[in-house]
Amino acid sequence: MRPTPPHDIPQGIMPPAHPFDADKLREECGIYGVIGLVDAANFVALGLHALQHRGQEAGGIVSYDAETGFNSAHRFGYVRDNFTKAGLMETLPGTLAIGHVRYSTAGTKGHTAIRDVQPFFGEFSMGGAAIAHNGNIVNAEALRRELIDRGSIFQSSSDSECIIHLMARSLQKTIPERMKDALRRVEGAFSVVAMTRTKLIGVRDPLGVRPLVLGRFGGGWVLSSETCALDIIGAEFVREIAPGEMVQISPEKGVESYFPFERTQPRFCIFEHVYFSRPDSILGGRSVYETRHQIGVELAREAPVEADLVCPVPDSGTPAAIGYSFESGIPYGMGIIRNQYMGRTFIEPTEQIRNMGVRLKLNVNRALIEGKRVVLVDDSVVRGTTSRKIKEMILDAGAREVHFRIASPPTAWPCFYGVDTPERDKLLASHMTEDEMRVYLGVDSLRFVSLDGLYRAVGEARGRNAQCPQYCDACFSGDYPVAPSDMIEKGFQTRAAE
Ligand code: SF4
């Protein structure tokens, strides 16, 4: 068994992201799969391009073609810089392909090695299988120890590789049955897109923490992390894969649905609504843009302030800022302009440039800001370092007052389900009250939307406790729907244990 087919694997390590990007919670991964379309890898590349916001460090595609078998390519950097070249795409023939974009959340965190780039591949007695995973396995370290003790040889530091090794150990006769066996051993969050020689497979964990949707295009089928990546190829959105569901898709039989896990109350990640998913995606039958707009409305109701201008911290604060302006009647304006072309390579070269920090990415629109009392709407406060710098830029531009309004509750707990979060003591809200944070950030006022307000915005009109609770909101509440067992073994204390 090997983690990838033996094609086209460049060596090396991707450097970590620049620190000014590190003050955000970082999603994680995007996954995509296509069956029944000629040159499926080209569609996968387009889909991954639309999912690039879910991971920019690296990407990979595996395809299958009856003549040449499984083929793969794994690359650092953006999809558009790699998977658009004819020379490379010609090495990925076939009507079946899956792909993955990555921001490392386990394994070599923030420091991707090419061996950690998915999809992973395994050769079994009944044929090969490739797998791409979005989420985090919270018992991966325990599983890894057990598998190594029993003779498995790991080739990457990724938690996702456990799934391939568990499949290899299964005694089931088919790959989908082996995958069911393997995933029953796995705890945590997983949305998976996988392929055999003849089938495209999609799976969501029983809690349904990470998204996965099904689309139809021509005679083919598509699986994607988000609906925005169906739109890019013109595919029709069919439905979400349900929590705990496995779909096996083949051109002959279409979509076959199974529920191999014990049923439980779903707990979809509420932060997907706040920040991770693209605003043009649909989650749970709801437009992400409309939800974010509604968060701004809730925020304006809960935390009004007298001011002259509502500005978003672009881009993720924009819909909530429009909602805040709509509800409060305070004019909306683009007081901060984002440079859309700031890439990783430009910011590498010198310490002096690195120290310019947030100014490289965001610039204040002085003409709009000067002399105004400004409401700044952002999606979250993590460490608070970027928020402080943005406040300074706004004051430097002549603002009279700065009022921060945050479109999520205080982030006080780390995520163990596929989102890169700092350790708990680095999260500002873990050790400061709202007022202490206001003083630390040096702003005139600071308010977060309440957890009930957030639930109302996502459509749960009765708030968080109506069905105790309907989403995963652990990074705000400390209420982890699956115990993070590897971390608890290392001494992490959940709120229940404190
Ligand atoms: S802990 Fe937060 S970011 Fe992680 S899955 Fe739960 S809600 Fe989403």
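Cβ coordinates are placed from backbone N, Cα and C, and glycine is handled just like the others.
Positions annotated as active site, nucleophile by TrEMBL: C29. DSSP assigns C29 (active site, nucleophile) to a strand in the three-state reduction.
For C269, C415, C472, C475, the entry in TrEMBL reads [4Fe-4S] cluster binding site. In sequence order, L207, V209, R267, F268, C269, I270, Y417, P481 are the residues of the chain that are 6 or more apart from C472 ([4Fe-4S] cluster binding site) and have a CB within less than 8 Å of its CB.
DSSP assigns D379 (Mg(2+) binding site) to coil, not to a helix or a strand. Here D379 (Mg(2+) binding site) comes close to V274, Y275, V313, S316, G317, A320, I406, A407, S408: these same-chain residues lie at least six apart in sequence, with C-beta atoms under 8 angstroms from its C-beta. Summarising the annotation, TrEMBL assigns Mg(2+) binding site to S316, D378, D379.
TrEMBL lists 29-252 with the feature domain 'Glutamine amidotransferase type-2'.
Ranking the binding-site residues D378, C415, C475 by Cα distance from C29 (active site, nucleophile) puts C415 first.
Neighbours of the [4Fe-4S] cluster site: apart from C269, C415, C472, C475, residues of the same chain with C-beta atoms within 8 angstroms of the site's C-beta centroid are V209, I270, F271, Y417, V419, D473, A474.
For ligand 1, the neighbouring binding-site residues among C269, D379, C475 are C269, C475, by Cβ distance under 6 Å. Most Cβ neighbours within 10 Å, among the binding-site residues C269, C415: C269 holds that distinction in the structure as shown. C415 ([4Fe-4S] cluster binding site) sits 19 Å from D378 (Mg(2+) binding site), taking the CA atoms of both as reference points.
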